[in-house]
Structures are given as C-alpha cells and as structure tokens.
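Trainee: Take a look at the following structure, please.
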Amino acid sequence: MIKPTINTLLICLPLGITAALLEWNTIWISTFNFLAILPLCAIVSDASDTLSESVGELLGGLISATFGNAVELSTGILAITDGDAYFAQSVMIGSILSDILLVFGACLISASYSKHIMYFNAAMTDSLSSLMVVTAVALILPSVLYANFTSLDLGDEILGFSRGTAAVLLILYAGYLYFQLGTHAHLFEQPKDDNEIKDSEDKGEAHPDIPTTVAKLLASIVAIVTCSHLFLASVPATAAATHISKTFIATILIPITSNSTEGAAVIAASFGGGDVNNAIAIIVGSILQIGLFAIPFLVMFGWAIGVPVTLYFETFHTLVLFFAILVVNQVLKDAKYTYLHGSMLIGFYAILALAFYVR
C-alpha cells in the first residue's frame with residue numbers, strides 16, 4: 001500500500017497543472033510537477049503489481065516492464081517528440097546508474113550493517129551479471145564504432161546499426177523474460193516466511209478488482225505523462241534560473257524520482273539481512289528493463305515517427321556507464337559483501353552526481 005506520507009504529495013498534481021495554466025514562475029511549475037510524480041509512481045507500482053499477479057507470469061512480466069518504467073518511457077517519448085534525443089538518453093543512463101549504484105549500495109548497507117560477511121545467491125547473480133554486461137556492451141558499442149571511423153558523415157551508418165541492435169536487444173529481452181518466468185523460474189523464487197504464509201491463508205481466495213485496478217493504473221499513467229510534459233516544458237527556464245544543467249536534471253533528478261518507490265521498497269526488504277537476493281533480482285531486472293526494453297523501444301519509436309534516435313551516447317556517458325557496470329559486476333561476481341561495498345557504491349554515485357552537476 002502507498003504510504004500516507006508519500007500520498008500527501010498528490011496535492012502537487014493539481015497545483016502543478018494550475019501553475020502551468022496560470023503561467024506561474026517556472027520554478028514552481030517544475031517543482032510541483034516533479035513532486036507529483038513521486039506518489040504517482042507509487043500508485044503505478046502498486047497497481048501494476050496487483051495486475052501482474054492476476055494475469056499470469058508472462059503477461060505480468062510484460063506489464064511490469066512497461067509500467068514499471070513509466071516515468072522513463074514517458075519522459076523519453078516526450079523528449080524525442082520534441083527532438084531532444086540527448087535528454088531522453090540521459091534519463092535512461094541516469095536510471096541505470098541510480099539503480100546499480102545508489103539503490104544497490106543502500107541495499108547492501110541495509111542488509112549487512114552490524115553483520116559479518118554476507119553471501120549472494122551465486123547461480124542467480126551469475127546469470128544476471130552476464131546479461132548486464134551484454135546490455136552494457138550493446139549500448140557502448142555504437143560509441144566505440146563511431147570513435148574508430150575517421151569519416152565525419154556516419155549518421156546513416158550509426159542509425160542503421162542502432163536500429164538493428166535495438167531489434168536484437170528486444171528479442172534478447174523476450175528471451176530474458178522466458179528465462180526468468182519460464183525455464184529457470186526456480187532461480188528467482190523466494191521462500192515465504194511464516195507471516196507471509198499466514199497472510200496468504202487469511203486472505204483466502206480473495207481476488208483484486210481488476211477493472212478498478214486497470215482504471216487506477218491508466219489514470220496514473222495519464223497523470224504521469226501530463227506532469228512529465230509540464231515538467232519538461234519548464235526545464236530550460238528552470239535550469240537557467242537555478243544554474244542547474246539539463247544534463248544533471250535528466251541524469252540525476254528524474255531517475256531518483258522515478259526509482260524512489262521501488263528503491264525504498266527493496267531497501268526496506270533488505271534491512272537486517274533480509275531478502276537481499278530478491279532485492280538484487282529486482283534491481284538488476286530493472287536495469288535490464290531499461291537496457292533491453294526501454295532504450296531499444298525509444299530507438300524504434302523514433303524510427304516510427306521519423307526522428308533519428310541512435311544508441312550513440314556521448315563519451316562521458318559511455319565511460320560512466322562502463323565503469324559503473326564493471327564495478328557492480330565485480331561485486332556480484334565475488335558473491336559476498338559487507339556494508340563497505342554498499343558505501344563504496346553510494347560514494348561512487350555521489351562523485352558522478354557532482355561530475356554531472358559541474359558539467
């Protein structure tokens with residue numbers, strides 16, 4: 001259920017729309033719409049989880065992938081429609097960095113603080129880390145390809161390569177879903193504790209109200225798209241007034257907002273040596289949803305509307321993504337961790353945030 005403290009931020013939804021209609025100061029417009037996205041993400045997460053449990057694992061996985069990244073997808077689609085593919089790319093890279101450094105680091109601290117060395121589920125983490133590396137290579141390769149050609153007119157080649165790679169990534173994502181939900185679902189199953197079993201028995205055969213859940217989900221998505229549109233429209237003026245770059249807003253602020261609900265949930269679940277393996281599966285799964293689904297989808301969306309969107313990221317983004325995934329992959333490969341590992345990941349994220357701020 002949505003926490004009341006987050007739910008109170010829903011007041012920012014009408015305030016944000018009103019601020020835009022009455023042409024208030026752009027800082028107020030961006031602030032209200034930015035804050036309104038927080039509870040809306042919580043509603044979408046709650047509704048999509050409820051719906052996923054009622055429609056079967058495969059379709060449920062597709063629902064989670066689509067609506068679990070509602071902010072990233074809506075922001076990316078709106079930015080591409082406005083011809084700002086760079087902003088969309090920055091949001092996607094920022095979402096990956098937020099998941100693997102900030103949220104993952106906090107989970108490790110929450111799970112292992114005041115405890116001895118803790119261990120991962122090696123079979124699960126090996127599979128997920130390998131997929132994560134493949135995703136990173138696929139996203140970095142266009143930049144490497146661009147850097148190794150002397151010709152300045154590589155637009156068509158990079159665009160064609162990106163579209164072909166996007167198609168492969170979408171197919172790979174379908175394979176990942178089949179692996180996770182079908183053939184190797186046992187690797188991702190988490191044993192229920194006594195309280196969960198008791199709650200399940202108490203609920204009996206109760207089923208959620210599907211029409212109400214769908215209506216709540218769709219209404220929240222429309223609200224997120226509206227807030228994202230108003231927020232994006234105010235970003236240039238807000239960036240100029242506050243001296244905060246658009247890159248920092250796209251790479252740091254938007255992803256933190258988008259991942260706040262899911263991040264808080266997995267951190268809480270990991271507390272005191274809790275279900276950290278499930279937290280890892282959720283975090284890495286979210287990364288794969290961005291890398292294998294959301295980014296390729298935006299490339300295909302741009303192709304459909306006639307806007308060139310490639311997988312070519314600027315050098316700084318490429319290097320940051322490479323080193324971040326390299327560090328996290330090493331942590332997963334070790335199959336053991338302490339709170340110091342989490343502290344290092346969060347420290348790395350703080351350094352990157354400062355780097356994006358001063359750019």
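For all residues, glycine too, the Cβ spot is worked out from N, Cα and C.
TrEMBL annotations: computationally assigned, not manually curated.
From TrEMBL, here are the annotated features:
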DOMAIN    27-181  domain 'Sodium/calcium exchanger membrane region'
DOMAIN    217-357  domain 'Sodium/calcium exchanger membrane region'
TRANSMEM  86-109  transmembrane segment
TRANSMEM  130-149  transmembrane segment
TRANSMEM  161-179  transmembrane segment
TRANSMEM  279-305  transmembrane segment
TRANSMEM  311-332  transmembrane segment
TRANSMEM  339-358  transmembrane segment
Trainee: Of the listed stretches 130-149, 161-179, 279-305, 311-332, 339-358, which one has the most C-beta pairs under 8 A with the transmembrane segment (86-109)?
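Mentor: Going through each listed stretch, the top one turns out to be 339-358.
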Trainee: Going along the chain, which residues at least six beyond the ends of the transmembrane segment (130-149) come within the CB cut-off of under 8 Å?
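Mentor: Residues 100, 157-158, 161-162, 165, 168-169, 172, 176, 284, 287-288, 291-292, 295, 310-315, 318, 321-322, 325, 328-329 contact the transmembrane segment (130-149) from elsewhere in the chain.
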Trainee: When you scan the chain for residues with a C-beta under 8 Å from the transmembrane segment (339-358), skipping those not six or more beyond its ends, what do you find?
Mentor: 97-98, 100-102, 104-110, 112-113, 115, 244-245, 247-248, 251-252, 316, 320, 324, 327-328, 331
Trainee: Where DSSP helix means H, G or I and strand means E or B, what are the helix, strand and coil counts for the domain 'Sodium/calcium exchanger membrane region' (217-357)?
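Mentor: For the domain 'Sodium/calcium exchanger membrane region' (217-357), the helix, strand and coil counts are 120 helix, 2 strand, 19 coil.
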